[in-house]
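Structure, as structure tokens:
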Amino acid sequence: MSDTDEHPPRKYPIIVVTGTPGTGKSTHAELVASQSSIPLKHVNVGDLVKEKGLHEGFDEGWQSYIVDEDKVIDEIEPMTANGGLILDWHTCDAFPERWVDLVVVLRNYPLQKIQENNTSEIMQTVLDEAKASYAEEIVVELKSENTEDLEANVARICAWVDNWMKDHTEDS
């Protein structure tokens, strides 16, 4: 069976929105899903982990779930057949490259959130992971510091969706 037979072309794109906590991942994903010209489903992976028990327990020290990435992939994979997903998570490298059409890395640098430059280093790590995991041309870094950035980012992502649809729609 050829790769095309195993993974037929999707009807809609799959977008990953990633970044450190507080960058607006969920807000961006929800707004893109509601404003897009095509049906897009926002999947908050962190919520999915909790709701479906896709973890190996809770780490009291880190105050977070120990995510079972294999379970996450198994849960999401059936949703990827037609595309139309916005996957919202603090990391992106768990998702197979074949799923992903665009990776949006959100960055936020307000002074009150930067403590001894740790946040900047973490943000750079998220961007580096995205670039190491996916083709560089599908990874975009967007500033997310205020409402104006949010509105501009949502418009830019929605325009990208429209262009993806034009490029992937077969001539009838």
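Note: Cβ is positioned from N, Cα and C throughout, glycine not excepted.
TrEMBL entries are annotated by machine, without manual review.
Database features (TrEMBL):
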type	residues	note
BINDING	Gly22, Gly24, Lys25, Ser26, Thr27, Arg107	ATP binding site
REGION	44-67	region 'NMPbind'
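This view paints the features noted in TrEMBL onto the structure.
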residue	record	CB count, 10 Å
Gly22	ATP binding site	12
Gly24	ATP binding site	22
Lys25	ATP binding site	27
Ser26	ATP binding site	16
Thr27	ATP binding site	17
Arg107	ATP binding site	19
Review point. Which residue counts does DSSP give the region 'NMPbind' (44-67) for helix, strand and coil?
Key: 8 helix, 10 strand, 6 coil
Study note, to complete from the structure: Same-chain, non-site residues whose Cβ lies within 8 A of the Gly22, Gly24, Lys25, Ser26, Thr27, Arg107 Cβ center for ATP are Val17, Gly19, Thr23, His28, Leu106, Asn108, Ser144
Point to revise | For Thr27 (ATP binding site), the three-state class that DSSP assigns | key: helix
Review point. Where does Gly22 (ATP binding site) sit in the DSSP three-state scheme?
Key: coil
Point to revise | Taken over the region 'NMPbind' (44-67), the model's mean pLDDT | key: 94
Point to revise | Annotated ATP contacts Gly22, Gly24, Lys25, Ser26, Thr27, Arg107, maximal Cα-Cα distance (Å, integer) | key: 14
